[in-house]
Amino acid sequence: MTIIRLITLTLTLMITMIITTVTSHNITDILSNFPEYSVYNDYLTKTRLNDEINSHETVTVLVLNNNMTTKLGANEPLAVMKTVLSIHVLLDFFDREKLLKIGGGSQVSTTLYQTTGHALQDTGYVNITDLPGGKVGFGSGNARSKLGSLFVKDVKEFPYNISVLEINSPIIAPGILNTPWIPVNISSLLENAGCKIFLKMLKEQGVLTVYEGAVNSDITVFAPSDDAFNKVLGLPEFKKLQPRELISLLYYHAIPTYVPKASLASEKNKNVTTFATTPIQNFYFTIKSSGDSFIVDTGVDVVRIENTIIDASPVSIFKIENVLLPIELFNGTSISTPAPAPAAPTPESSRSAPGPVSTDSSSTSGPAGGPDQADGPDADVGDNNANDASDGKHDTRSLLVDTR
């Protein structure tokens, strides 16, 4: 019996090691050993494509050397570079041996760009063709495209998990580089997404200007829906907020980093710095998973991320079900029912609850250069049915409940 248990334990450990090996590749670490691809590696990090690459069990990354990558990105916005580089990520495993076995024919491979839902006319595919003289050509899957790139060499591979291959020039899909780039307009995006109350507050308190000033650097916004604000506007806990506290609450709904949906998993169980964070007040939250969804844990409430409003590197905006309530302002008094409990956080993610927010301006102001408005939460926010939320008795544990 002891021998059987020992064999079972050994097999379990071996299987665990195999699974860990298969799913633990890190493209950033791989390319860090090759300085000739450092510019390419930097773009993968800035666009957060590295997180998407790492999330796939089987993938081939077609890389360009520093000189070629620098030329490619010289006049292109980061969002365009993300699109271009996502075409260079194949959702299949290719090494030199497999490329040469195409046998004078062609093969079409799906790219990461195809998974975004934005690819048109086969631009989300790459055509791989064996050419005379043992050469291998790459081109966009679009019928109008030419085989403008050639295989150079194997860089690194972990069969059949991840392969990194160098090509001599970028794969350019029609309509990607020559499409006029339209800057992100936070106002129109929030309005069209049904976050009009949030938008109105941002404008009234001067916070929108700060958000807009970050669209060319890095920003991720967690935008509550109109329904979310309608649930809290009439509550005593919300109405008693001082003007500076309301500004901090609005700053709390954005972070100074670019985090698209595919990168949420990499941010799990960390203390996430927000625009409201100061040397005196933390104003952190943590991102956790709940089934197939992600939630934001403020220490007071947990709020589910509904969907992506926009992902245009370096700007990401999510729509969320409820208003984020920082513990610094609500002092641990929840006004919502928690979502299904996620996996226990790591010890590093735990934090003690600070006391009530100070009325001193230095403790609740936004980032440097932020506004100093006097409008409080009782300001007019339009037809938001706030009175409906305050009729009758306040069951503060159920007003924001997610019944789904």
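Here the Cβ of each residue, glycine as well, is placed from N, Cα and C on the backbone.
Keep in mind that TrEMBL annotations are predicted by a computer and have not been checked by a curator.
Because the structure is a prediction, the values reported are computed rather than measured.
Features of the protein shown, as given by TrEMBL:
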COMPBIAS  390-404  compositional bias 'Basic and acidic residues'
DOMAIN    24-171  domain 'FAS1'
DOMAIN    182-324  domain 'FAS1'
REGION    338-404  region 'Disordered'
SIGNAL    1-24  signal peptide
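DSSP labels the residues of the domain 'FAS1' (182-324) in these numbers: 47 helix, 38 strand, 58 coil.
Residue counts for the domain 'FAS1' (24-171) by DSSP state, with H, G and I taken as helix and E and B as strand, are 55 helix, 42 strand, 51 coil.
Confidence across the domain 'FAS1' (24-171), taken as the mean pLDDT and rounded to a whole number, stands at 93.
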